[in-house]
Structure formats: C-alpha cells, structure tokens
Amino acid sequence: MLARKSIIPEEYVLARIAAENLRKPRIRDRPRKARFIAKNGACNLAHKNIREQGRFLQDIFTTLVDLKWRHTLVIFTMSFLCSWLLFAMMWWLVAFAHGDMDPSTENAANSTKWTPCVTCVRSFTSAFLFSIEVQVTIGFGGRMMTEECPLAITVLILQNIVGLIINAVMLGCIFMKTAQAHRRAETLIFSRQAVIAVRNGKLCFMFRVGDLRKSMIISASVRIQVVRKTTTPEGEVIPIHQVDIPVDNPIESNNIFLVAPLIICHVIDKRSPLYDISATDLALQDLELIVILEGVVETTGITTQARTSYVAEEILWGHRFVPIVTEEEGVYAVDYSKFGNTVKVAAPRCSARELDEKPSILIQTLQKSELSHQNSLRKRNSMRRNNSIRRSNSMRRTNSSLIVPKVQFITPEGSQSASET
C-alpha cells in the first residue's frame, strides 16, 4: 500500500512543530538524591577499593556468618568432605606403610597371628569409609582399630579433634545465621509516610511504629537522625552529616512499651534541624530522616535493630494518623489495614521559628479551620434537608398517582350514584 501524500506542505509542518516546541517550557525534574537508608532498613552503601582483605580472615566466624546462604552451605559441605578425604589419605598411607595392602599379608593373616593396623582396609575406598565412620562416630563394625600401630592411634586422636572443631564452627555458624537479629526486625514495621502537624500547640514530626509479633521487644528505644550534605565555614564538604534530634517521650528512661502501635513524636523546637523549614521549603530540602528502633528480643535475648528513613517527598504537612486501636468486647483490637492512613488537619504552613515569633498564626489557622468546619456542616445539613424534601415530594407524587378516581354507576331506575373503590 502506497503512503498517502500530505496536503499540507512539509515546510509548514516542520515550522509549526518547531514553534510549538519553543512555546512549551522545558521543565527538568530535580535529580533525586540517593537514599542512605532504604525503606526496608538496608544501608545503601558500597565498599570499594579495600586493600587489606586479610582483615576479614582474622575474624573467620563473623565472615562466615555474613556470607550468603549458598556460600555458607558450600563451605559447610566442602569442609566435611575435604576433612574426610584428607584423613582417608592418611589412613590409606598408614595401611600401605604397614603392609596391609599387600595381597600376601591376607594369606599370612589367615595362617599366622599377623595383625593389621585397621581391619578390612584394603583400598582407598575402604579407607574413605573408615574415615567417615571415625569422624561421624557411626561405627558399622566391619572396620576397627587395633593396637598394632601407634601411628594409627595418633591419626585417630587427631581426626577426632579436627572433627569436633569443624562441627563446632560450622554448626555455630548455621545457628547464628538462622537466629540473626535482623530476622526479628522484619516484623517491626514503620508507617510508609511521616506527618507534620500541631500537637499541644507545637509543630511536631510524627511517624507510627508497630510490632506484628506477640513476643515483645524489651527495653525498646527510638532514635532519629537527620542526614544531609553540609559545608563547613572552612569550605569542607561533609556528604553524610548526621545530627541527632530528640524524641518527645514522657518516660525518663526513653524506653517505649511496644505492645501496640505507637506514634513517635519529635517536637520541632530550637534544637531541631527542621526549625527553619516551612511547608513550601520542605519539598526543596535535600535531607533524610533516619529512624532507628533498638531493643532486646524477649524469646532469644538477642539485641535487634530495625531501621527506615523518610525523605522530603514522604513527609506530609498538615496530616495526622488515624486511630487504629479500638476496644471490642473487653479486648483491645488493632486494625493494621489503617496503619499508614492519615487525615488532613489544620496546621500553619509557616516554619516553627515563625510560629514561635508570631503565636497568633496558630490561632488564626485554628479559627479558619473551625469556620470551614462549620460551613461544611451547614452545607451537609442543607443538603440533607434538600434531599429529605425531595424524597417527601416524590413520596407525595407516588401516593397521588395511586389514588383511584371516582366511578359513576347508572342504576336501572336511571339515577346516578358515585362511589369510590
């Protein structure tokens, strides 16, 4: 099929497209900064150009625990297999040096009182099976040690010691990988977004944290840090500058009782890095708030740590978390489907510094919200009244349509009578 030729000249089309492209403003999105801590708590950090690799072998147990599961299982299998092969070779050499491999010794053993070092070890395969029996302490009974060779007794003692060391290290490594603390931290959840709202007359940064398990976290504490790129007066650039910010906790020990989801609050005051940030400035800020929850697992006694972070795009100004704990039949129930739900509330758009300097801003904001709330209630009431009036009118119309008209009957005498049915 041939292409249809356009009626409009190509020169005019090209000129129009160029003019439209020039009219449209080109808006380039601000490049998003890489997160230091991911939402799942993983550290977004890559170690490069490490020259002293031997330091990892000095702490071999921690290195084995930090490896991935597939690497750990390969090392676990190869450690036992290599030790069995090594001592199988040693048993084969002991039997070969003593002459147990010579076929003539088998006839001599039947006729005289000649005793081998290890009975029934005639090849490398039998030596390998005997090595497994010694190290795993199976003992099938076909092959056994004799007191003929002191060297064989020394090899037996050495293999038992090496086998115990391998068992202790590898089984301990498997246990530690299975019971790692970060596995327990996966059931500690944080709200997807944080909020900034007014609480007790102060602007507060808030987020919600909860525990999905019934076993509690003992002595749980929450820390908040702000990570941002800063430049010192001397011109030094600090790419990851960490600043601790206080958490509003009425308990002096700073420990929380995490039996139900809690809203952690940080009051934005003079000590806070968010003191000079307003609602319009928040979207332009290049900062990241890291939340760290630490505690001791009740069942295992291991210290665990759960982490998350909030960037400027994940902080909602003028919102508040909805309540999710209710009392039902004498039991407090938690609805986790509303864990991260928020609702809009009245909050000044200015910074906390401006709010401290002009407290009337908060009063005006609350008054405006109260007026808007009353207006919305009036509109709802008027809409309800209109709906009720419409319903009543429609009911009257339907009732009037159901009324039966009068019917006249003519009697034989010629008189007319009206009746209603």
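The backbone N, Cα and C atoms fix where each Cβ goes, glycine too.
Taken from TrEMBL, the feature domain 'Potassium channel inwardly rectifying transmembrane' covers 37-180. The feature transmembrane segment is assigned by TrEMBL to 73-94, 151-175. The domain 'Inward rectifier potassium channel C-terminal' annotation in TrEMBL covers 188-358. Summarising the annotation, TrEMBL assigns region 'Disordered' to 372-397. What TrEMBL lists as compositional bias 'Low complexity' is 384-397.
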What are the helix, strand and coil residue counts for the compositional bias 'Low complexity' (384-397) according to DSSP?
14 helix, 0 strand, 0 coil
Looking only at the domain 'Potassium channel inwardly rectifying transmembrane' (37-180), how are its residues distributed among DSSP helix, strand and coil?
93 helix, 4 strand, 47 coil
Model confidence over the domain 'Inward rectifier potassium channel C-terminal' (188-358) (mean pLDDT, whole number):
86
